[in-house]
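Annotated features, as they stand in TrEMBL:
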REGION    1-57  region 'Disordered'
COMPBIAS  18-32  compositional bias 'Polar residues'
TRANSMEM  71-91  transmembrane segment
DOMAIN    72-527  domain 'Major facilitator superfamily (MFS) profile'
TRANSMEM  103-125  transmembrane segment
TRANSMEM  137-155  transmembrane segment
TRANSMEM  227-246  transmembrane segment
TRANSMEM  303-323  transmembrane segment
TRANSMEM  343-364  transmembrane segment
TRANSMEM  403-421  transmembrane segment
TRANSMEM  433-457  transmembrane segment
TRANSMEM  478-497  transmembrane segment
TRANSMEM  503-523  transmembrane segment
Amino acid sequence: MRPFPPTPASSSPPYTPNNGTLTPTVAHSESGTDVELQPYRGDDRQREGPPQMTEALERPRHFFSKHRKWMTVYMVSIGGAFSALSSNIYFPAIDTISKDLGVSATDVGFTITVYMIVQGIAPSLYGSISDSRGRRIAFVIALVVYLATNVSLAFTSNLAMLVVLRGLQAAGSAATISISTGVIADIAEPDERAGFMGTNAGIRMIGQAIGPVIGGLLNSAWGFRSIFWFLFVFCALVLLGLLLFLPETQRRIAGNGDVPLRGFYKPWSYYFKPPKEWRNAPVPPTPKLEKLSWRTIIEPLTYILRMDILVLLSWGALVYTIWSMVTSSTTTVLLKTFPDLTQWQVGLCFLPNGIGCVFGSVCTGRLMDRAFKRAETRYKEEHGLANVNVKSQHDFPIERARLSLMPYFSVIFIVSMALYGPSYEFNDLRRHFAGNLVASLGLQFIIASTATAIFNINSTILVDCFPDNSAGATATNNLCRCLLGALGVSVIQPMIASLKIRNAFLVLTGIAVVFSPLVWVQWRMAEKWRRNRVST
């Protein structure tokens with residue numbers, strides 16, 4: 001690698017935030033010519049600059065230290081855990097609820113479908129609020145709705161009430177995912193983003209792991225209504241923590257964190273100890289925020305009309321649907337195969353799935369950060385760049401950097417699905433209980449970990465493409481996954497009844513195989529489509 005030439009002194013100012021917009025950064029080419037760099041904005045138009053540049057002066061995306069960033073990620077990730085927790089803590093109680101309300105298990109299963117439909121739609125509204133009005137206000141509204149709904153669910157007396165309130169519960173809990181993703185997009189540098197996103201997904205998926213166990217315990221001891229009281233208390237504690245410690249991070253309002261916050265944007269703890277970066281900062285004017293309208297709500301939904309995003313979301317939504325069908329049918333499959341299992345034991349059987357989600361999220365985030373740094377180093381060597389942020393370069397192959405692991409996870413997912421259904425019928429299950437149960441639950445771990453890895457890759461690419469509208473982009477992703485997932489969950493029980501366990505999941509495997517070429521299309525065409533989209 002040839003040595004980098006020295007960078008001439010420049011009187012040009014570095015970029016400074018201007019009401020949340022990014023001011024061009026000035027760098028020097030090897031010939032000494034001033035070059036204006038345009039920040040990478042996947043949803044904005046960009047001008048092409050000379051490929052040979054040695055240094056770009058950029059301020060950090062946020063003034064938080066690495067430790068403070070991680071604390072913020074942990075905090076918003078716990079806040080984002082309610083969606084998965086609320087969904088899965090409910091599964092072990094399905095049989096109890098059906099008996100208590102005097103309805104069939106299929107009727108109770110309909111509440112899961114309603115939950116997933118609202119889970120897909122609600123984040124589109126909250127994502128727009130988050131991107132236009134701020135993360136804190138969106139978080140608080142969502143959690144207050146969630147609190148009120150859980151109190152009402154604790155007094156449920158009939159199926160209609162349960163269906164409506166489960167939908168409202170989803171409206172509060174599901175929004176926290178896109179809001180937490182928006183906070184991470186606000187504070188994360190490009191080479192930190194995948195790790196933060198992976199940790200965010202991993203913490204959220206802890207609810208996937210322990211939710212059924214907690215639900216089984218509470219249901220066995222005090223009935224299904226105790227589940228909703230537990231969620232109420234947990235949510236109240238999380239809401240208090242966010243009000244105390246989470247500052248507004250939306251960049252139109254807070255810049256890179258050095259803009260003194262006022263009013264609701266300011267966490268309560270800052271009244272006692274404001275950040276040192278605010279000491280000499282002038283009082284900022286009231287931020288000019290984008291007006292909340294139907295356009296701001298609907299605009300993120302148009303992302304799916306762009307080919308690179310359409311292919312990305314299609315494969316992710318299909319994998320999510322198959323995984324949801326595996327998870328939602330677990331109680332039915334286990335009780336059909338092993339009728340002597342107790343509610344507590346059924347709850348324990350959800351652990352491999354949840355642990356797989358956590359494992360896949362955390363490991364994928366770290367692997368993606370390493371892959372990004374390798375791609376970044378290679379790009380700088382090939383183009384003779386020194387300290388330029390590669391995301392400023394229109395030709396940096398961000399898709400290749402993120403998608404390098406996608407084929408491996410996809411193949412493992414498909415193979416595991418092919419084995420999952422037959423694993424229940426390899427031998428006489430009544431006489432070989434332990435061995436077959438271990439095989440099936442072990443495959444659930446692999447299915448969950450690879451599926452979550454695919455979700456994490458998709459989510460990270462979306463934030464890369466739309467860093468300043470990340471909550472809206474995440475909401476669009478959530479909409480595609482949950483609507484298709486709701487359809488899958490609604491048909492899995494009839495499929496098992498008519499095709500039997502083995503054949504039902506083999507059909508799902510076949511569907512995954514048919515659509516697996518989407519992974520190859522992503523790898524080959526996504527970068528080209530994105531560059532065409534950005535240049536028009």
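The backbone N, Cα and C atoms fix where each Cβ goes, and this holds for glycine too.
Predicted automatically and left uncurated, TrEMBL annotations should be read as such.
Proximity of distant same-chain residues to the transmembrane segment (103-125), defined by a Cβ-Cβ separation under 8 Å and at least 6 residues beyond the stretch ends, is recorded for 83, 86-87, 90, 94-95, 97, 159, 162-163, 166-175, 177-178, 297, 300-301, 324, 328, 332, 471-472, 474-476, 478-483, 485-486, 489-490, 493. Beyond its flanks by at least six residues, the transmembrane segment (503-523) meets 308, 311-312, 314-315, 318-319, 322, 325-326, 399-400, 403, 406-407, 410, 413-414, 417-418, 420-422, 492, 495-496 of its own chain at Cβ-Cβ distances under 8 Å. Taken as a whole, the domain 'Major facilitator superfamily (MFS) profile' (72-527) shows an average pLDDT of 84 in this prediction.
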